[in-house]
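Colleague: Starting off with a structure, shown below.
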Amino acid sequence: MDRVLLRWISLFWLTAMVEGLQVTVPDKKKVAMLFQPTVLRCHFSTSSHQPAVVQWKFKSYCQDRMGESLGMSSTRAQSLSKRNLEWDPYLDCLDSRRTVRVVASKQGSTVTLGDFYRGREITIVHDADLQIGKLMWGDSGLYYCIITTPDDLEGKNEDSVELLVLGRTGLLADLLPSFAVEIMPEWVFVGLVLLGVFLFFVLVGICWCQCCPHSCCCYVRCPCCPDSCCCPQALYEAGKAAKAGYPPSVSGVPGPYSIPSVPLGGAPSSGMLMDKPHPPPLAPSDSTGGSHSVRKGYRIQADKERDSMKVLYYVEKELAQFDPARRMRGRYNNTISELSSLHEEDSNFRQSFHQMRSKQFPVSGDLESNPDYWSGVMGGSSGASRGPSAMEYNKEDRESFRHSQPRSKSEMLSRKNFATGVPAVSMDELAAFADSYGQRPRRADGNSHEARGGSRFERSESRAHSGFYQDDSLEEYYGQRSRSREPLTDADRGWAFSPARRRPAEDAHLPRLVSRTPGTAPKYDHSYLGSARERQARPEGASRGGSLETPSKRSAQLGPRSASYYAWSPPGTYKAGSSQDDQEDASDDALPPYSELELTRGPSYRGRDLPYHSNSEKKRKKEPAKKTNDFPTRMSLVV
């Protein structure tokens, strides 16, 4: 009986073991590489017909594996492992001392990831296998596979596997992970790229310096713009020539004064071109030729006391300050003509001709034979003692020196040719006119009184002309002048006379005729001829009393333009006044203005008044002479 009972108990136990839950993991420890995929396998068996719930948990190491690899494990852990051979100090510890996380869980076909592993390539495949896409450094640890069934509670429902994540050692890191170079190593390719970028920036810097007006490293030819270098190539060649000691050969450069429509002249002074008063040490080349000979360039004298680079820097500084427009302005604006230089020292233009004659002009003939003059101007400031003597300067050297000196504008202009036979007003004639105008000799006969009376009458007539402009409005007078483009005539200025000349006494009664138009012969005034005929027809007393209508007045009646064309001063026919009045009038008279415009006026605009003059002559001959003033005559004063 007892034997039968024992057999049934053993059979029941065997049946329970076969029908219970069993979970197994084929690999207890697995090693995987970093950033590589891996699969942790898990198998289970159950007698339940309902779907099981699969869950994977992660438990970190109890101790860091890094200390074990470096030999830094504690002595206590080693002693415990020796006592219990089945106990592992890295895996066997309480869950409170390490990190525990749910990796993933599967129920049916639904997979749910834990909070820490969301977003990663992790899933449960097959029945209970855990698949990880890319391993990370924190994935090393202990993974547990847990199977849960609702109607099978007996058996072993979990098992664990150790995962160790390792990295590659002994290999260089990948410089270009997503780019593969097959023809060369990656480090060679990266080095070539960096070198090319550096050379590109160097080329851009050279082109920027050479092609733009900045401080640059000169004499480096830029390949992108070789013709636009900012460095002075000519100055560089001049510096090399200065060091070598021979003149540089510069071809293709035109002359500095070969400008069309501009009169040729000498070279401007050094002060006109540059502000610096000290010129560089230049010496003229050996060129012995006339004014038409071609001169060579200048060569820089070698000086042992000065460094050659100082000369180069000086020339570069002077070229930087050079202004061609300033040179042209100074060439025409700084020249002073001979006529304007007469009044350079004294601003009073109404000075007498004796003071102007007192200034002696230099004579060119005296300078030709003056050795001190040529030794001073051609020898420089060093003096005649150090320079060559005056006899060494021949005629060709003097002519070359004259052509090299700057000339005034009036010397460069062409001279005007006056017609032959026209009396020119020279300084001697002006001086004689000043003597006769201001200081007339007094004679006791009647002719002197008549002359004084005539001159007084002309002055009163000129005052009457000036009074005409004073009585009328200035706007009307200047309006008439502004509408006329012709220059002022002698009558407009208020004076009509000619320089007095010494003539015989028998020709004193004849009129003095002056033609102020170049190129025309002197012409007689027909009004004076008519007045002479009238005096012959009148009785003697009337002729002695004198006609109050003088030729000067008739010339004023003819118009200002006709009076200026036939400008003359006849002998006076009226005796009045005293010596005191004559002295006062002579002292009040001022010299007329003088200009070159009187001689340069052509007969073109004066010839247009000739028909008007002829018509006025006909009217004057038809009308009888009338008294135009109330001056008392000599006969009316006789009691």
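Any Cβ shown, glycine's included, is placed from N, Cα and C.
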Colleague: Under Swiss-Prot's annotation, the disulfide partner of CYS42 is which of CYS145, CYS207, CYS209?
Modeller: CYS145
Colleague: How does the model score the domain 'Ig-like V-type' (21-162) in terms of mean pLDDT?
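Modeller: Looking only at the domain 'Ig-like V-type' (21-162), pLDDT averages out to 85.
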Colleague: What is the three-state DSSP composition of the domain 'Ig-like V-type' (21-162), stated as helix, strand and coil residue counts?
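Modeller: Tallied per class, the domain 'Ig-like V-type' (21-162) gives 21 helix, 57 strand, 64 coil.
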Colleague: Within 10 angstroms of the C-beta of CYS42 (disulfide bond), what count of other C-beta atoms is obtained when all protein chains are considered?
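Modeller: There are 26 of them.
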Colleague: By a simple count, how many Cβ atoms lie within 10 Å of the Cβ of CYS145 (disulfide bond), its own Cβ left out?
Modeller: 25
